[in-house]
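For reference, the structure discussed in these notes is given below.
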Amino acid sequence: MVLTDSEMEFIRKELGRDPNPLEYGMLDVMFSEHCSYKSSRPVLGLFPTEGEDVIIGPGDDAGVVEITDELALVIGIESHNHPSAIEPYGGAGTGIGGILRDIISMGAMPVALLDSLRFGYLEDQKSRYLFEHVVRGISDYGNRVGVPTVAGEVEFDENFQLNPLVNVMCAGLVPKNDIKRGIAPRPGDVFLLMGGRTGRDGIHGVTFASEELTSSSELEDRPAVQVGDPFTKKMVMEASFEIMDEIEVSGVKDLGGGGLTCCISELVAKCDNGARVSLEAIPLREEGMTPYEIMLSESQERMIFVMAPDDVEAAMEICRKYELPAAVIGEVTDTGRMIVESEGEVIADLPAKLLADPPVVEREARKPQLPEGQVEVKHPPLKDTLLKLISSPNIASKRWVYRQYDHEVQIRTVVKPGDDAAVLRVDGTTGVALTVDCNSIHTKLDPYGGGAASVGEAIRNVVSMGAWPVCIVDCLNFGNPEKPEVFWQFRECVRGMADMAETFSTPVISGNVSFYNETEGVTVNPSPVVGVAGKLSLDSIKTLDFKDEGEEIVVIGETGPELGASEYLRTVHGIVDGKPPETDLKAEFEAAKAVKEIIDGSGNKVTAVHDCSAGGIAVAVAEMAIKSGIGARIDPMKIPGRFRNIHEALFSESNGRYIMTVRGSARDILGGLDVPWAVIGTTGGRTLEFGDVALDISELDDAYHGVIEAYMST
């Protein structure tokens, strides 16, 4: 139970009485951090949420933007961190199920999944166990429901050892005239519950997600983890689309965190309406369930449709066709109250808005001590450094992960996992580039800069594909907001993200906040996972691999002496410290704008584009060479910027940088740009040369591939 003394005082004042046990349970889940966003709501208001392409912004199950004249892109992101720490296979699978239902409830067909995963170092046996079973849970669920997992990211750090992070993004497509909403606007309409039966799994799941984990959580909190069923989910998807095609439903919403209590109260509260719910009508999986268990159950694969009574039989016939339990469980009223009945007796009577719109909490924020300067280290030989970096699990190939996913199903995937972003076909000429990114180390050491840089990196990844960002979604993973230092991190991170989004005039249309990611006093690195969707023409797609020999290699953007918080320091020196790279909002925007203009205006003369992030320029060029099998000769001293030595030139993670290759003269193509750029080398041969240091492509390939496979075979 999480209701505080002040919350109970507020509730008593609103009701004029004490809540009964069922009402207390309903209020408890709705006042949880997971459902109410009571700590984060005042801060989330910093995000820009409006734009000319925005159809539905934050506040519904997912955000919606126009992507063509006829179609809308529906996109959302969710976390399933606590359940995945307790039961990794089931927790990850039900995370997939939840975000799929969010997209379906907007009327959209899910077309892509992306995942952002964080675990402890793979030397740790428990971390390997969690990693293996989370990936298997994602792949089994996604593959069985027929939705491709097309991109993602994985990070390993000791601060995720006890508390992994499992974030999942989903995108869907829907004709603009067929978009649905999570509302119940018409009194007299009824609630049709369909899908999986209601059982005892997941009770108090949202309360569990709003508390720190402990050493006993794995045993004590296992009942709070929901049980997924991908086969039923597939049937629910098919039946849902048939119902929405054939019946004029006035509202649709999935049952996720908070179960029936959350779903129905939110449906009616948005329209200042009320609800009357009859418990005996609800299809149950288990005998003897109490009203408390029924109203708080988070059993999976359930949907609520709001419709006129005359349409019920047609909907029931569709459910029978798919052999799915379904029942009318109540009706929309004009009272503004949520009333629960059992055997004709009223057992709960609460204002719907009290449930759906709890008061916010003003948290104390206090700045912790942060690094102000750079870390001085002795630099090892360049060749050894690069080989160690690209064989780090944080940089090495993630094919062990994505080869378990079906990324081809639905045949929309144009650019597959392993590039800067995935590209999906929307129609014959239009594509959408999708990515998720985060830099938890930068955010830990500079929350404002790390938040801004995470948005910047995600935007760079879609721009590198030839797209321009149309919307942002976010999943904000932090520790206990009751701790002033944690809440300061959160506030500053959101401020940085909002400033970068505002600079690009790109709206944040949906998101999720996951607090209390702490176990036994260890707080996860603050992790602002950013999803970006970009629109592009299918005939202008760029990929990161070198295409031919004799092409000029260009760097756009400046490199500074910024090894602080870098993957170089973490991997080579075992140091997580130092001031992260500066974030120049204007420079980030101008570089992205320049790259997009070059791609669009140069015909096919730009042959490859890659964003520069973890590991710096050396790693980015190595990845381009490894993927193509073509070598390159680089002169580090030609890199534009201010650096003191070759290691700073090659491994600094300065923001706002791109690497591209061009056919012909770079000066002819880039000469008019008003951003820093320089030709730093040419492609060719079977070695990668940085000055007088040369590495065979085969040696780089061996170091880059098979790293995670080797860990997971132990």
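Note that the numbers count up from 1, one per residue, in the order the chain is shown.
Note: Cβ is positioned from N, Cα and C throughout, glycine not excepted.
These numbers come from a predicted model, not from an experiment.
Copied over from Swiss-Prot, here are the features:
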| type | residues | note |
| --- | --- | --- |
| ACT_SITE | His34 | active site |
| BINDING | Tyr37, Asp474, Gly511 | ATP binding site |
| BINDING | Glu78, Asn512 | Mg(2+) 1 binding site |
| BINDING | Ser79, His80, Asn81, His82, Arg101, Gln226, Glu298, Ser299, Gln300, Ser514 | substrate binding site |
| ACT_SITE | His80 | active site, proton acceptor |
| BINDING | Asp102, Asp254 | Mg(2+) 2 binding site |
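Taking Cα separation as the measure, Arg101 (substrate binding site) is nearest to Asp254 of the recorded positions His34, Asp254, Asp474. The binding-site residues near Glu78 (Mg(2+) 1 binding site), taking a 10 angstroms Cα-Cα threshold over the set Tyr37, Gln300, Asp474, Gly511, are Asp474, Gly511.
Cα of His34 (active site) to Cα of Glu298 (substrate binding site): a span of 13 Å.
Within 8 Å of the centroid defined by the CB atoms of Tyr37, Asp474, Gly511, the record's ATP site, lie the Cβ atoms of Ser40, Leu44, Pro58, Cys475, Leu476, Val508, Ser510, Asn512, Val513, excluding the listed residues themselves. Around Asp102 (Mg(2+) 2 binding site), taking its Cβ as the centre, 27 other Cβ atoms fall within 10 Å, counting all chains. Annotation note: His34 (active site) sits in a helical segment as assigned by DSSP. If you take the C-beta of Asp254 (Mg(2+) 2 binding site) and look for same-chain residues 6 or more apart in sequence within under 8 angstroms, you find Asp61, Gly98, Arg101, Asp102, Ile104, Ser105, Cys263, Arg302, Met303, Ile304. The two recorded residues, Glu298 (substrate binding site) and Asn512 (Mg(2+) 1 binding site), have Cα atoms 18 Å apart. Checking each of the binding-site residues Tyr37, Asp474, Gly511, Asn512 against Ser79 (substrate binding site) by C-alpha distance, the shortest gap belongs to Asn512. Secondary structure at Gln300 (substrate binding site), as computed by DSSP, is coil. Comparing Cα positions, Asn81 (substrate binding site) lies closest to Asn512 out of the binding-site residues Tyr37, Asp474, Gly511, Asn512. When the Cα positions of Tyr37, Asp474, Gly511 are compared pair by pair, the longest gap among these ATP-binding residues is 14 Å. The Cα of Gln300 (substrate binding site) lies closest to that of His80, out of the recorded positions Tyr37, His80, Asp474, Gly511. The C-beta environment of Asp474 (ATP binding site), restricted to residues of the same chain at least 6 apart in sequence and closer than 8 Å, consists of Ile77, Met497, Val508, Gly511, Asn512, Pro528, Val529, Val530, Gly531. Take the recorded positions His34, His80, Arg101: by the count of other Cβ atoms within 10 Å of each Cβ, the lowest one is His34. Scoring each of the binding-site residues (Ser79, Asn512) by how many neighbouring Cβ atoms lie within 10 Å, the top position goes to Ser79. Non-local neighbourhood of Tyr37 (ATP binding site): Leu44, Val513, each in the same chain, at least six residues away, with C-beta under 8 Å from its C-beta.
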